[in-house]
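First up is the structure itself, then whatever we jot down about it.
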Amino acid sequence: MVDLESEVPPLPPRYRFRDLLLGDQGWQNDDRVQVEFYMNENTFKERLKLFFIKNQRSSLRIRLFNFSLKLLSCLLYIIRVLLENPSQGNEWSHIFWVNRSLPLWGLQVLVALISLFETILLGYLSYKGNIWEQILRIPFILEIINAVPFIISIFWPSLRNLFVPVFLNCWLAKHALENMINDLHRAIQRTQSAMFNQVLILISTLLCLIFTCICGIQHLERIGKKLNLFDSLYFCIVTFSTVGFGDVTPETWSSKLFVVAMICVALVVLPIQFEQLAYLWMERQKSGGNYSRHRAQTEKHVVLCVSSLKIDLLMDFLNEFYAHPRLQDYYVVILCPTEMDVQVRRILQIPMWSQRVIYLQGSALKDQDLLRAKMDDAEACFILSSRCEVDRTSSDHQTILRAWAVKDFAPNCPLYVQILKPENKFHIKFADHVVCEEEFKYAMLALNCICPATSTLITLLVHTSRGQCVCFCCREGQQSPEQWQKMYGRCSGNEVYHIVLEESTFFAEYEGKSFTYASFHAHKKFGVCLIGIRREDNKNILLNPGPRYIMNATDTCFYINITKEENSAFKNHDHQKKSNVPRSFYHGPSRLPVHSIIASMGTVAIDLQDTSCRSASGPTLSLPTEGSKEVRRPSIAPVLEVADTSSIQTCDLLSDQSEDETTPDEEMSSNLEYAKGYPPYSPYIGSSPTFCHLLHEKVPFCCLRLDKSCQHNYYEDAKAYGFKNKLIIVAAETAGNGLYNFIVPLRAYYRPKKELNPVILLLDNPPDMHFLDAICWFPMVYYMVGSIDNLDDLLRCGVTFAANMVVVDKESTMSAEEDYMADAKTIVNVQTLFRLFSSLSIITELTHPANMRFMQFRAKDCYSLALSKLEKKERERGSNLAFIFRLPFAAGRVFSISMLDTLLYQSFVKDYMISITRLLLGLDTTPGSGFLCSMKITEDDLWIRTYARLYQKLCSSTGDVPIGIYRTESQKLTTSECREIASQSQISISVEEWEDTKDAKEQGHHRSNHRNSTSSDQSDHPLLRRKSMQWARRLSRKGPKHSGRTAEKMTQQRLNLYRRSERQELAELVKNRMKHLGLSTVGYDEMNDHQNTLSYILINPSPDTRLELNDVVYLIRPDPLAYLPNSEPSRKNSICNTMVQDSREETQL
């Protein structure tokens, strides 16, 4: 056997295990050399320099000791003056010789020796080759003057009473104080305010001047008036303050000369100090100074970080933030890298804001600026993106860096971040609350096409308006003469609130009962609308979980009401029964409302009329009698306390038929085309998966192009496809990832297949492959490269038979020299669309809410001018939503994404608002949570009559919860407007009967006067226009024979003729372009418009609100999948499992 130990060489001593335990004992015999490294040279001078100069803490102690010595020397001088007896006579010897006691002389000698030794040592340590630079320094010269005479007097006793100007040591003390402050900043690693340093230097300079003048005057007047120190102080103060009483004046020429010299020095030194102080003050006004640590620890404050502060953004934040009563004691610290502009400065000087808002100029990427804002003590930090930047991605990058910097500096500070692009959202997942602008924007635009005015509904819910004010006269629109404005303004005050079930008066009695039962009876009894719930052990909010959900005592209830329950007072009224009037009949207007709101002492009192649960199918809901016979209305089933499985319907209430109700043949054909599942590809990371209608196979990219034929189809325009439903057209600049959120709600699984509208994307720039790969799985989604500026592009994409036209604000136009001009191009383009296609429903996004008044602008419309005056009055009264009465906004045809900034601000108080809004918009899908939809009231539905009965019908049949009404009614026109419309209708009928050929030569002349600029391509006038103009000229020639009233009527008729001719001219232009493009003109309706109608929203109306024809009711419908067995989805969607797996794999980083 081979000896292994003899073959393997032993390890070196330093690698042996024995040496690891016992230590290496063989290093003495090793050839290694131990080397010591020093940060400084190992010399005596460098060691002294390290101790006296370089080391901050030891240098600070040295300078503090030096400062104390200088003050002690000045104190010894004052003691010598006070102990000295003034000698008689005016000899000059009294100037050069003083009386100094021996102990006092000894102390001054000791101080002089220490000071001179320290000065020489510091001069030696700071010597750099030029000795004259050290000698000629003013501090060194003063030290020699004050110390050397005392040292000489040790060896020459006769000089012990020699006068030495020791009071000049005050200037050396000032110099030591400045150095000490610098060392203090270095020692504690903190930079104090430059303003504080400059003020300290100014005060010390002024004190040194006064002290020098006092001591100099007192000493020089030893041969004059024999002034004491107090008289000298009085003289200096009077002289430097330019008062000059003249009761104390110097007598000797030497003292007079000294006073002149001191005044000259003061005139040179003090202005320099004041100039620096003023400069620092102005800079501090620009930068904003600091927020003190004491205030941060004793008071509550939030920090607002923005890249540029605009007046609109500031006022929106302040008005919404301070709208909540419990935030009145909070301070707002604004951290902005740019200088405060004039408008913001003017606003912050208002006393209401100057005491609450602190502006700091600085960057969130600097720890010093975050320390100035006391970010670590802040209650929250709001980080907003600049949406006016040309490069929105770059703006998001800046926001991400700010969020990272704040999280690194203050990890415990809650973050509220606004981001623009959805693909950048996953970088800030750590933030407590995130609002992605493009996600919310496109989701609202999509729901506007399904549920009208969803954008207005969401905006009113997330805003704090005066509609919730307890005083009725203070609410928006309550002083308006029109009823719709009063109702609209009152209902706009509804907001979303929350409360725990067991602590609630509204919902405590419904513990153990179904959700729909609690929602209906709470609305019937209190007028509140219960919309959602959250379990104690679950963070997810469920909107309308359905009748199967049983309420628990620990559940958090979310409800819509004028005010929260904590601000309400409840008043019970005894129900009075009348024997002579049976309750089984409907009493019309004399019936008391179910709930009423009474303003009382800052609270809301709610009358509880009748707490008993009456059956809705009883005689109370009977119809009025017709003749002598009573006709019963169809009965409404009561809402059950516990849901009955057999009574739950997954279909719509009245007319919304799902695809499950189709015939077997139709179901078979539809299943061959579409499937339900999760989209297999998401264009960005962080998108919430949504169950949608999908194709079995993705469409080739060439087939997605609407206006280009390919080998798979030969269609080149929207008309050729033969779509059964009307189109939804989206006009955008680029196909960003946010546009994906527009398509998903329109293809959600709960939408019936027969109601799916084709979606046409009208893009200025071609989309990239990633976006096409995401949309190619959705049915009936196409794109076309074009612009709304071009009429041909609009006609090709099918604008003539589109249900909705969505115009998205272009990013390239968001930045303009004048801020409010950023929407100019969009507004003019939409106005052109409105004139050319008056029957088209146009939904527009603007950058600035103030520009909404220009949408569908009519310069001579009296009703619009009246609404403009109303808006100004509401703004003067302090309304945050003065623009809500503008007809385009009230009807949901325009909105601004900046109005959703308040969603982020409200989440500071209501941390659930972002989650609820995302659920309403379909951005998030939680199992068991409902979705927002709508239904339309038809003639067959008017038997329900009131909103309360509709609430009961929905809850008892389908489990839907209504939250509001979208109502459309005709405008109330004035008498003159009615006459104008009547005369216009008469002209349109009788003008065709006129035939006049006498003035054929004048047609060309009058034709040029009445032609619109948009009809330059038209060659001839329509026949109706020519006859109308001839008849109008004939009437004008006969004008003098008529009376004044007839002449006025004819003038109006001529104006109406011109208007009608202009409309027909525009219609002829559109038809000519359609013929030129080879498109059929069938279906183009040039005269149908909505100029005489207005629409508005009633959020959570009172139970006794009457339903009207064509009302659209907003519903929160339960999740249909919650009622299906587990095997049902898998049976219907066999391809969905693979799609979901692919989706999850492709969205991973």
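Positions of Cβ are set from backbone N, Cα and C atoms, glycine also.
The following features are taken from TrEMBL:
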{"type": "COMPBIAS", "residues": "1024-1044", "note": "compositional bias 'Basic residues'"}
{"type": "DOMAIN", "residues": "299-435", "note": "domain 'RCK N-terminal'"}
{"type": "DOMAIN", "residues": "725-865", "note": "domain 'RCK N-terminal'"}
{"type": "REGION", "residues": "993-1050", "note": "region 'Disordered'"}
{"type": "TRANSMEM", "residues": "64-83", "note": "transmembrane segment"}
{"type": "TRANSMEM", "residues": "103-127", "note": "transmembrane segment"}
{"type": "TRANSMEM", "residues": "139-159", "note": "transmembrane segment"}
{"type": "TRANSMEM", "residues": "199-217", "note": "transmembrane segment"}
{"type": "TRANSMEM", "residues": "258-281", "note": "transmembrane segment"}
If you average pLDDT over the domain 'RCK N-terminal' (299-435), what do you get? 90
Which sequence-distant residues neighbour the transmembrane segment (139-159)? Criterion: at least 6 residues beyond either end, Cβ under 8 Å. 73, 105, 108-109, 112-113, 115-116, 119, 123, 165-166, 168-169, 171-172, 175
Please work out the helix, strand and coil residue numbers for the domain 'RCK N-terminal' (299-435) from the DSSP assignment. 59 helix, 28 strand, 50 coil
Counting by DSSP, what is the helix, strand and coil composition of the domain 'RCK N-terminal' (725-865)? 60 helix, 29 strand, 52 coil
